[in-house]
Structure formats: structure tokens, C-alpha cells
Amino acid sequence: MMDSQQHGEQLKRGLKNRHIQLIALGGAIGTGLFLGSASVIQSAGPGIILGYAIAGFIAFLIMRQLGEMVVEEPVAGSFSHFAYKYWGGFAGFASGWNYWVLYVLVAMAELTAVGKYIQFWYPEIPTWASAAAFFVIINAINLTNVKVFGEMEFWFAIIKVIAVIAMILFGAWLLFSDTAGPQATVRNLWEQGGFLPHGWTGLVMMMAIIMFSFGGLELVGITAAEADNPEQSIPKATNQVIYRILIFYIGSLAVLLSLLPWTRVTADTSPFVLIFHELGDTFVANALNIVVLTAALSVYNSCVYCNSRMLFGLAQQGNAPKALLNVDKRGVPVSSILVSAVVTALCVLLNYLAPESAFGLLMALVVSALVINWAMISLAHMMFRRAKQQQGVKTRFPALFYPFGNVLCLLFMAAVLIIMLMTPGMAISVWLIPVWLLILGVGYLCKEKTAKTVKAH
């Protein structure tokens, strides 16, 4: 116990640059691309490629804004620290708790996807059973130490990256060697009703779901406190990841939508697996299902890491119970991991009660929390930059197009909320935002009242 207390509030720096780049890459190549893209293809057709380019640009601006702050002050808790320091107490409290809830929801969505992927082979296994099994395994691994997490995520991401590159190359070979038959042609990108078969409306209405795919890039900021050399590794990871994401997303979708008309894609199956299955290549379809399963587990693994570090950061700020500062001899925030796990376990119950609608509901809730998250990063960055300018400090990794880039990001967030209000099944998650902010407000007032009472005594 003495030893545990001695290490009680210290996370260990054990993540190398390769870990940080692959953690961010792994956080973004997941269910959004492999499963969420199916419903976007049905609505936007090949225009999904343009949608991912637009959302990717906004995500890059947000990453650069967070990156500028993190390089100057690499701390646990990432941007909630900046919201707290440069914006105010409630902003720090709200952004930290919102980010934690965001990744709990993402974790739930990924576990739900795991259940769907397992059903590709074993349709009789309910999604809740698969979710429960992998929930236990991944949390157990995260209770070891940060290096084990870093190595595991590194190899998870390597599998995904190699698989997507191999799929692009194999798909391109099928396309240009005529092996896949006359139905496989680049003309599928514009001949099946046009590049935007349902017009701009079809694409615009899908931007919220596309945005779901890019949630996870901010993990670069969360890793800062455990990075060996954040001044070099964070800028490198930030700049390189976005190019790779766009190549993987745009490249893979362009090849897939050339191999088979977009009209053949169904909402409940990964389009990656479906297209090769439709082409009669069951070996590749099975291999890709292993990859998409690995992808979901990889993102869930990142979520477990992220949630525990965010709770740890909130406790350091006094915005969460001090018991969450408990760190064992290996530098693992055990209490934070266990609390996050207990809440995430609700996913198993949701999949038991509503297996058909669980993924769609969780995806909508994730996007609402992500909108709050990205908007707060952008606003906190504006205040951070203003403070640094007043101090005469020149930052080492400045964000792009400040302050116009920030304004563009905020307008994009507002547009996404309007789109969600007009989308059946998503509107409820937008109406829950003011309720959620009210709960955060009450929580903050209670925390402040408790702090004053303690001071008085």
C-alpha cells in the first residue's frame, strides 16, 4: 500500500513516437469506416469520397489546434486542462466529463460492432455475448501497464493498416486485370445514377455519420502525458496521421465502389466484407472480417486507455473524486479504468435489450458528444492563443489559419447539429445536448459548493 501511495498520482511515460502515431491512426480507422460507411454509401453513393475529404480537412484543423496546445503544455487530461486554464472552471469541468462520456459511448459502439462482426461467422451468437467476452479481455489487458497497451495498440493498428493497403492493392488489381468481371469498373463511380445520385442533399445529410468516422484523432492529445518526447512526437503524429487517414479512407472507398455498384451495399454488413463476398471471394471476405473485428477491438482498446486517462486528469483538477488518482506500482490508473469499465458495461445490457437499434442509437449519441468536444477544443484554442499573444509567447507548433480555421470548424459543428435535427433517429441525440449540459452545470455547482464547505472547515 505504501508503495502504491507513493506512486499514487504519477503516470509513467512509456509511449514512443511509433506508439503515438499508431494510437491516433488506430483510433480513427475503425467502425466508422468499416461499418458506418455502409449507410453513408446508401445515401450519398460515390459522393461519400468527397464527404470524407471535407470531414478529414475539418478534423485536421481540430488536430492542429489541439496539437499546438499540447506541445506547449503536455499534461494528463489533454484539452480539459486547457479549457480549465484558459476559459474557466465550468468549461474545464464540462469538456473533461463530456470527453469521458464520448469515449464511453464510442467504446459501447465498438463493442456492439464486435457482436455484428462475430455474427458474420456465427449468426446464432447474440451481440451482447460477444460484447461481454471482449469487454472482459480488453479491460484485463489495460490493467497491466502503459507499455503493454502501447505495444498491443501498435500491432492492432499495424494489422489494420497493412490490411487496408493490401485491400486497396488487391482491389485495384481485380479492377484493372478484369478478374472481377465486367461489373467491376471505375465507371461505377459516376454511371450508377451519377457521382452524387441523390444530389448534394444526400451527401450533406450524411455528414454527421461521416464525422463519426473521424472521432478518435484527438487521442494524440491524450497520449501527451505519457509520451517520452511530446515536443517532437506530437507534431509528427498530428501531421502524418491525417494524410494516411485520407489515403486509407478515400483510397479504399474509391476502389471498393469501383469493384461493385454502390446500389448493392446493405446497411447491416461491412461494405468491405460484402463487396468481396458478392464477388465470390469468400477467403478475402473472411480475412477482411477478421480485420474489421480487429479494428473494432483496437478502437475499443484505445477507448479504455483514453477514458481512464481523462478521469485521472479530471481528478487531478479536482473535478472528479480523489480516489480516481490511485495509481499502482506500474503507473496504471486502476481506479479510473475500473470506473470507466463499469459504465461501459451498460453496452452489454443495451445489446441484450435492443440488439437491432443499439448501434444506430450509440452512433448518434457519439456524434452529439463529438460536436461538443470539437467545438470546445476550437474555442479553448482561441482563448489559449489570445493568452499566449498577450504574454508575448510564440508557440512552437501553431495551428493552421488561426482564427479563421477555428471559425470554420465552429460553423461546421453548427451545420452538423442542424443536419442531425433533420435526420430521423438522430434528432433525439441533439435534443439531449441541453439536458446533458444542464446535468454538467448542476454537477459543477455541487462540486464548487463542496469545495467551499471543505475550505470553510
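Using the three backbone atoms N, Cα and C, a Cβ is placed for every residue, glycine included.
Feature annotations, reproduced from Swiss-Prot:
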TOPO_DOM  1-20  topological domain 'Cytoplasmic'
TRANSMEM  21-41  transmembrane segment
TRANSMEM  43-63  transmembrane segment
TOPO_DOM  64-86  topological domain 'Cytoplasmic'
TRANSMEM  87-107  transmembrane segment
TOPO_DOM  108-117  topological domain 'Periplasmic'
TRANSMEM  118-138  transmembrane segment
TOPO_DOM  139-155  topological domain 'Cytoplasmic'
TRANSMEM  156-176  transmembrane segment
TOPO_DOM  177-201  topological domain 'Periplasmic'
TRANSMEM  202-222  transmembrane segment
TOPO_DOM  223-240  topological domain 'Cytoplasmic'
TRANSMEM  241-261  transmembrane segment
TOPO_DOM  262-271  topological domain 'Periplasmic'
TRANSMEM  272-292  transmembrane segment
TOPO_DOM  293-333  topological domain 'Cytoplasmic'
TRANSMEM  334-354  transmembrane segment
TOPO_DOM  355-358  topological domain 'Periplasmic'
TRANSMEM  359-379  transmembrane segment
TOPO_DOM  380-400  topological domain 'Cytoplasmic'
TRANSMEM  401-421  transmembrane segment
TOPO_DOM  422-425  topological domain 'Periplasmic'
TRANSMEM  426-446  transmembrane segment
TOPO_DOM  447-457  topological domain 'Cytoplasmic'
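When each of 272-292, 401-421, 426-446 is scored by its Cβ pairs under 8 Å to the transmembrane segment (43-63), the top-ranked stretch turns out to be 401-421. Computed over the topological domain 'Cytoplasmic' (64-86), the whole-number mean pLDDT of the model equals 81. For the transmembrane segment (359-379), the partner stretch with the most Cβ pairs below 8 Å, chosen from 87-107, 241-261, 401-421, is 87-107. The transmembrane segment (426-446) shares more Cβ pairs under 8 Å with 87-107 than with any other stretch in the list 87-107, 156-176, 272-292, 334-354. Sequence-distant residue pairs (6 or more apart) of the transmembrane segment (334-354) and the transmembrane segment (87-107) include at least 3 whose Cβ atoms are under 8 Å, placing the two stretches in contact. Sequence-distant contacts of the topological domain 'Periplasmic' (177-201), counting only residues of its own chain at least 6 positions beyond either end whose CB sits under 8 Å from a CB of the stretch, comprise 43-47, 49-50, 254, 257-263, 279. Non-local neighbours of the topological domain 'Periplasmic' (108-117) in the same chain are 30-31, 34-35, 125-131, 134-135, 268, 270, 289, 292-293, 296-297, 299-300, 303, 344, 346-348, 350-351, 355, 358-359, 362-363, 366; each lies 6+ residues outside the stretch with a CB under 8 Å from one of its CB atoms.
Long-range contacts of the topological domain 'Cytoplasmic' (64-86) within the same chain, counting only residues at least 6 positions beyond its ends with a Cβ under 8 Å from a Cβ of the stretch, are 11, 92-96, 99, 218, 220-222, 224-227, 230-231, 234-235, 238, 309-310, 312-314, 316-317, 319, 376-381, 383-388, 393, 395-400, 402, 405-406, 409. Across the range of the topological domain 'Periplasmic' (177-201), the DSSP-based residue counts are 7 helix, 0 strand, 18 coil. Residue counts for the topological domain 'Cytoplasmic' (293-333) under DSSP, split into helix (H, G, I), strand (E, B) and coil, are 28 helix, 0 strand, 13 coil.
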